[in-house]
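Heads up, the thing below is written out as structure tokens.
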Amino acid sequence: MTLDDLATMRQNYTMAGLDEADLAADWVSQFQKWMAEAVAAGIVEPNAMVLATASPTGRPSARTVLAKTVDAAGVVFYTNYTSAKSHDLDENPWAAVTFPWYGLQRQIHLHGRVHPVDRAESLAYWQTRPRASQLGAWASPQSSVVSGRDELDRSEAHILGQFGDREVPLPPHWGGWRIEPVTVEFWQGRTGRMHDRLRYRMVDEQSDDARWVVERLAP
């Protein structure tokens with residue numbers, strides 16, 4: 001295989017479709033249903049999502065993060081607040097995410113406004129993290145240029161010596177972001193590339209009459 005072969009790579013989509021009658025009443029219930037099916041199917045890290053942000057000048061960036069909460073309030077992920085993605089969100093508080101479940105020929109796309117979660121919520125999640133991950137959050141100057149792996153190893157060793165066997169506190173530079181979606185699309189592959197795309201979209205989002213509608217999009 002070479003890069004010249006990319007244009008000829010094709011996957012036939014053969015799984016069942018997605019009909020409006022099959023959708024749950026709200027996007028969270030539909031997400032929960034599909035997530036349960038992804039877990040049952042053995043999808044690797046089904047909570048992994050590709051997060052797209054943009055700088056104030058419109059320069060996009062994308063990376064994979066892990067969703068840690070999905071509920072009616074939105075989708076929460078955790079990161080370093082000094083990271084490149086956090087800088088983007090500080091200046092341009094909108095993001096899009098995709099859950100790519102290729103093994104089920106499914107994707108879920110969300111986009112919406114983003115804001116930091118409160119400190120108490122970040123702390124509650126922090127206390128569930130493995131100790132090594134807690135130490136890493138203190139040791140890594142995320143997205144900064146470093147001289148090499150040795151610098152990271154020295155930083156990690158320093159932090160380990162600093163905290164010893166004591167409880168590792170929540171860093172001031174670390175916490176969660178919540179994406180409050182205004183659209184949530186459920187994508188199901190179909191034969192002949194005539195895919196099913198059903199979207200929950202919030203209308204009148206700035207008013208007391210905000211509500212969700214369901215739309216079918218052309219593939």
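Heads up, the Cβ atoms here are built off N, Cα and C, so glycines get one too.
Summary of the site annotation: TrEMBL records FMN binding at Arg63, Thr64, Val65, Leu66, Ala67, Lys68, Tyr78, Thr79, Lys85, Gln142, Ser143, Trp187, Arg197. Screening the candidates Gln105, Gln107, Gln127, Gln162 against this entry identifies Gln107 as the one listed for that site. It is 21 Å from the Cα atom of Arg63 (FMN binding site) to that of Arg129 (substrate binding site). Note: the Cα of Lys68 (substrate binding site) and the Cα of Tyr78 (FMN binding site) are spaced 8 Å from each other. Checking Cα-Cα distances from Trp187 (FMN binding site) against the binding-site residues (Arg129, Arg193, His195) with a 10 Å cut-off leaves His195, in sequence order. Summary for the binding-site residues Val65, Ala67: the Cβ-based neighbour count within 10 Å is maximal at Ala67.
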